[in-house]
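Chemist: Please see the structure below; I have some questions.
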Amino acid sequence: MKINKKTIINVIIAVGVYAVVQGLISGGMLSRQMTSLIIPICVYVMMAVSLCLVVGFLGELSLGHAGFMSVGAYSGALFLTHTELPQLPAVLIALLIGGSAAAVFGLIIGVPVLRLKGDYLAIVTLGFGEIIKSIINFMTPITGGAKGLSKIPLYTTYRNFTFVFILTVVVVLLVSNIVRSRHGRAITSIRDNYIAAEAAGIPVSRYKIMTFVIAAFFAGVAGVVYAGNIGILKPVNFDYNTSIEILVMVVLGGMGNIKGSIVAAVILTALPEVLRGAADYRMLLYSIVLIALMLFNNSPIKRAFMDRRNMRQAGRLQKEGE
Amino acid sequence: MDLVNSILEQLINGLRTGSIYALIALGYTMVYGIAKMINFAHGDIIMVGAYALYVFVGLLGLHPVIAVLLTIVVCSVLGITIEKVAYKPLRNATPLAVLITAIGVSYLLQNLSLLIFKATPIPFGSIIRVPSVKVGSLNISGITIVTLVVTTVSMIALTLFINKSKAGRAMRAVSEDKGAAELMGVNVNQTISLTFAIGSALAAVAGILFISQYETLLPTMGALPGIKAFVAAVLGGIGSIPGAMLGGIILGIIESLSKAYISTQLADAIVFGILVIVLLVKPSGLLGKLKIEKV
Amino acid sequence: MALLEVKNLGISFGGLRAVDNLNMTIEEGSLVGLIGPNGAGKTTAFNLLTGVYQPTDGTISLNGEKIVGKKPAEICQSGIARTFQNIRLFSKMSVKDNVKVALHNQITYRLAESMLHLPGYFKREKEMDERAGDILRVFDLEQFSETLASNLPYGKQRKLEIARALATNPKLLLLDEPAAGMNPNETAELMETIELIRKQFQVTILLIEHDMKLVAGICEYLYVLNFGTELANGTPEEVLNDPRVITAYLGE
């Protein structure tokens, strides 16, 4: 097996982050507010990284990612509230159930995914998220409806940080491994030019569905962790706003950049809590950041900058060629 | 007889909501036809219209007619500004970038009004004072009558404008082929601005009718009708003006019937379910044309 | 048996008959040109052969196997690869990854292997890197392996597109105006490259081209399309001196 510098650095970062956070928790050096942030950060990292697969690599806009999360959260939580198993096996099975249930919904959304793209697909994913929300509301006897599903065992709180942290690392690792493989290349080629991808023998339909199923699975897993942290689920926790927040993380992270998505997820989850009173301005800030980033990415300034860089690179290659 | 009456009543309710959807859907469809983008912020213009009316009537005490006119002006100017600032620089960008920007604008409007007017709903009585009419055993409210009259007049005016006027012809030309229209001497920027202005003006009217019916102001009040109107536009065939009207009315009736006879909670799911089915079965909508991508 | 057999191929878009009653027989190992004035239906014919469009009537068989009704990706796997008139590269991927995408069906491993980076992953990826390197070397693109495809100069982008098509290991290679936008030097270089890949990859080539010097220089047989129908076919000398062909290009 090849172990290169990058891998070593990544391992050091992961272990370092874990050591520091775990140290702070066991040393009791974190305020209650800070500890309450630890698990949400992990949840949003998983959400952002999985959405990154769809938006950044497949190049399709999904506005219903919170819908997949809610399917995972509810199905995992329902299992946890009814099982007699000890904590660890119960959580593992709940994660599997949550992920699989969400993946099934990913498969269902796969049908429109095959026939639509761009604006239309974005709207359908949005509608899909809303449909899931309505159905959860409607199934009151099972889900508790608008009042919420409560008394979920708190199995994935900051006290189980080690477990949640490992899980998050595994999710990130699995997603980035896919990206750097023949499967990931197939997905990315669809983003860049789906007609050429088909002509090069990529079964475009299968990979589109696969991407949505994988992303939905991990969103479901994140949902289970979320449920086990706050103990009560309400449909409003998974509305369109949540989907947008995750999208902002992916866009801010530089679409198609997994590390960027992670950093953006950490910052955007922590920031509003750290800067108290700024909560009112949070969504306003998000919207301004979204618009500004898109305008900047397509501005003449950025283009001139990129052109200069490309010219330099081309010049260098020319020299090497000679 | 009771059942017939109740169905008739729901149909009229549906027609009322549906014609508001149709007004909003027209904005989506016109902008899509010309700028080839989904203006996600369109629904929030409704909200701005409703709040503007509240400020002019409720806070400044202006005469309702003047307030309505001012509201329409405010929304039109807002529509033009949004296009100039946020969308125009992205005309050659990827659809993904444009869509994300539009979502950003939608959020910006919602959160600005959240900061200014706070999250608590503001009650705001209707400015429409028309007595209700009794037809047989059926009671048709004044708001319903006004809504139906206003939307019918707006739609006829819009159709005449687009088909008969010079500016309308320019709009049709730009929507067919921007480049060719420019070469023929059509001022594309002006035409796009005009489209956003008209779309936003219609949204303002929709906002006024909407608030007259629901009588409560909320920063997020535009989002859901906006999305549903978009569904209506897709249902009718995006880019098609008669399609938007037809789609809006069909959607309003379906929603009203499912709320009354199936389930209130499931009504939204049904509306979005229709969207998914239409897009899968006939992506071009009822009256739309399908485009084939050139390879 | 011929490699490619096209019989009575036709497609209508609404009332427009873009290709009508097209018949072609392409022998294995040959280099055939498809020419005709603009709008004659040449690219549409390519789109029919590669499954982008479904023909309204007629049959296409590759090595005796009917391929009408198959999806583009399946047709690629049966052995037809193509380039595009307006270059379609995976622009935000590296040059090497562009070729590796095309190796997708040649060197495979399972999803679990890629998720967990199992030993199979490393072994197969190494094979892919080697194969991609081999192909890029033929096109003199090896030193650009890590460059983003969109940053390549135009002529090299055209070459990369051919390299990518060849990576799918085709029996038949369709080139859609490979010399478009090239200067005479680049065109001459391209002609050499085409001859070279014919020998090295033992591939049959059908190309659309407007550059008559290139067509007369390397093609062994020509089909001429005009208004969607076949106007003439034969050796380059026969066809290019055919008065009907000259009229079609230059008018009466």
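Just so you know, glycine gets a Cβ as well, placed from its N, Cα and C.
No curator has checked TrEMBL annotations; they are predicted automatically.
OK, TrEMBL features for this one:
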type	residues	note
TRANSMEM	A:7-25	transmembrane segment
TRANSMEM	A:37-58	transmembrane segment
TRANSMEM	A:65-82	transmembrane segment
TRANSMEM	A:88-113	transmembrane segment
TRANSMEM	A:120-140	transmembrane segment
TRANSMEM	A:160-179	transmembrane segment
TRANSMEM	A:209-226	transmembrane segment
TRANSMEM	A:246-271	transmembrane segment
TRANSMEM	A:283-301	transmembrane segment
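For each listed feature, how buried is it and what is near it?
Modeler: Residues 34-35, 38, 158, 161-162, 165, 169 of the same chain lie 6+ residues outside the transmembrane segment (A:7-25) yet bring a C-beta within less than 8 angstroms of a C-beta in it.
Long-range Cβ contacts of the transmembrane segment (A:120-140) within its own chain (Cβ-Cβ under 8 Å, at least 6 residues beyond either end) map to 60-67, 70-71, 74, 105, 109, 112-113, 146-147, 235, 238-240, 243.
Within the chain, the transmembrane segment (A:283-301) has long-range Cβ neighbours (under 8 A, six or more residues past its boundaries) at 241, 244-245, 248, 251-252, 268.
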Chemist: Using Cβ distances below 8 Å and needing 3 or more such pairs, separated by at least 6 in sequence, tell me whether the transmembrane segment (A:160-179) contacts the transmembrane segment (A:37-58).
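Modeler: Between the transmembrane segment (A:37-58) and the transmembrane segment (A:160-179), which are separate recorded stretches, there is contact, as judged by 3 or more close Cβ pairs.
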Chemist: Return the stretch with the most CB pairs under 8 A relative to the transmembrane segment (A:37-58), choosing among A:65-82, A:209-226, A:246-271.
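Modeler: Between the candidates A:65-82, A:209-226, A:246-271, the best contact partner of the transmembrane segment (A:37-58) is A:246-271.
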Chemist: For the transmembrane segment (A:65-82), give me same-chain residues lying six or more residues beyond its boundaries with a C-beta closer than 8 angstroms to one of its C-beta atoms, as numbers and ranges.
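Modeler: Answer is 47, 50-51, 54, 90-91, 93-95, 97-99, 101-102, 105-106, 125, 128-133, 136, 142-143, 149, 151-153, 155, 215-216, 219-224, 226-228, 233, 235, 237-240, 242-243, 246-247.
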Chemist: Hey, which bits of the same chain come close to the transmembrane segment (A:246-271), Cβ under 8 Å, at least six residues off its ends?
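Modeler: Beyond its ends, the transmembrane segment (A:246-271) has Cβ neighbours at 37, 40-41, 44-45, 47-49, 51-52, 55-57, 61-63, 65-66, 172, 175-176, 179, 188, 278, 282, 286, 289-290, 293-294.
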